[in-house]
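**Student:** Attaching a single structure in structure tokens format; questions to follow.
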Amino acid sequence: MAQELHVLAVDDSHVDRKVIERLLEISCCKVTAVESGTRALQYLGLDGEKSSMGIDGLKVNLILTDYSMPGMTGYELLKKIKESSVLSKIPVVIMSSEKILPRIDRCLEEGAEEFLLKPVKLSDVKRLRDFILRGEGDDNKETENNIKQVCSRKRKFQDDSTTQSMLSAVVTAHDIESSSPESSASSESQQPLSKQSKIG
Amino acid sequence: MQRQAASMKRNLFNQDYLDEQFNELEELQDDDNPNFVEEVVNLFFTDSVRLIRNVDLALANEPYDFGRLDDLMHQFKGSSSSIGAKRVKRECSQFQEYCNERNIDGCKRAFQGVKQEYATLKTKLDAYFQVAREAS
């Protein structure tokens with residue numbers, strides 16, 4: 001039985017929360033959407049229980065957070081997560097409407113998996129999902145393929161060619177290191193970026 | 001009806017009221033969520049009322065808090081961008097430029113522009129969704 005990924009989405013914008021929820025649903029992810037970093041940490045249980053569960057007992061596979069939020073920024077949320085011995089294993093992706101290179105650098109250095117430019121596209125989300133799936137169960141290729149197939153069948157107008165995200169503006173640690181200064185086109189980053197340990 | 005809806009949409013794009021992001025949103029609609037775009041746009045309109053009121057208040061009295069003005073406009077620009085509201089977004093950027101220069105008169109003028117484009121967009125989108133709903 002293929003397990004759906006569970007994504008915790010954090011954004012103070014009501015409009016953006018609705019859109020990201022829909023993008024994730026279409027990509028066959030379970031979504032919990034909250035409006036602030038504080039709420040996100042509450043959901044995750046700040047002191048950290050035994051595992052990276054939400055208060056409803058659902059394991060969180062990915063945290064997708066906006067950068068600019070009142071109170072706690074996405075960067076501050078990222079830091080708190082990475083400082084927690086329990087939560088630090090959860091991949092965190094930052095979203096922002098502004099492409100500010102020092103900001104991107106800082107987030108990636110702090111351990112963010114990726115930095116997505118808003119508005120986020122379906123191709124970005126699908127790519128993220130596939131990346132997380134690979135990290136979560138690389139001894140179970142069947143699960144990854146199952147999820148993708150089931151997800152395709154559910155969608156009436158599935159167009160898998162949109163996952164060849166030519167124009168998706170994504171910056172990864174790989175891009176920064178190969179120092180292409182204004183990389184607005186994403187490299188097809190199929191390689192796992194990070195120190196993703198097997199969870200599960 | 002469908003032709004009318006399509007033609008209205010074409011005009012909205014040709015006149016820069018909307019950009020590609022609107023199409024991206026339409027791609028997210030399906031039989032189970034046939035009104036997704038309209039729902040998002042209505043959310044935008046609801047949020048915008050609050051934001052516009054807050055900017056008006058912030059522009060009303062000295063001392064002017066340019067930091068807050070910039071924050072508010074950043075939010076407005078963000079949600080405009082999320083629904084593909086190209087002209088509104090453009091006016092928001094203009095506002096932010098004046099804000100950075102601490103030019104309060106510029107800000108006030110630019111905000112008139114924001115409100116104008118917003119009002120026009122709302123009228124046009126309300127009409128578009130009405131027709132699009134009847135067409136389906």
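Any Cβ shown, glycine's included, is placed from N, Cα and C.
TrEMBL lists A:178-189 with the feature compositional bias 'Low complexity'. Annotated compositional bias 'Polar residues' per TrEMBL: A:190-200, in sequence order. Annotated domain 'Response regulatory' per TrEMBL: A:6-133, in sequence order. What TrEMBL lists as 4-aspartylphosphate is A:Asp66. Among the features that TrEMBL reports, region 'Disordered' is placed at A:170-200.
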**Student:** Give the number of CB atoms, excluding that of the residue listed as '4-aspartylphosphate' itself, located within 10 Å of its CB.
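**Tutor:** By my count, 27.
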**Student:** Can you tell me the mean pLDDT for the domain 'Response regulatory' (A:6-133)?
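**Tutor:** A mean pLDDT of 92 is what the model gives the domain 'Response regulatory' (A:6-133).
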**Student:** When secondary structure is assigned with DSSP, how many helix, strand and coil residues does the domain 'Response regulatory' (A:6-133) contain?
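**Tutor:** Going by DSSP assignments, the domain 'Response regulatory' (A:6-133) contains 55 helix, 27 strand, 46 coil.
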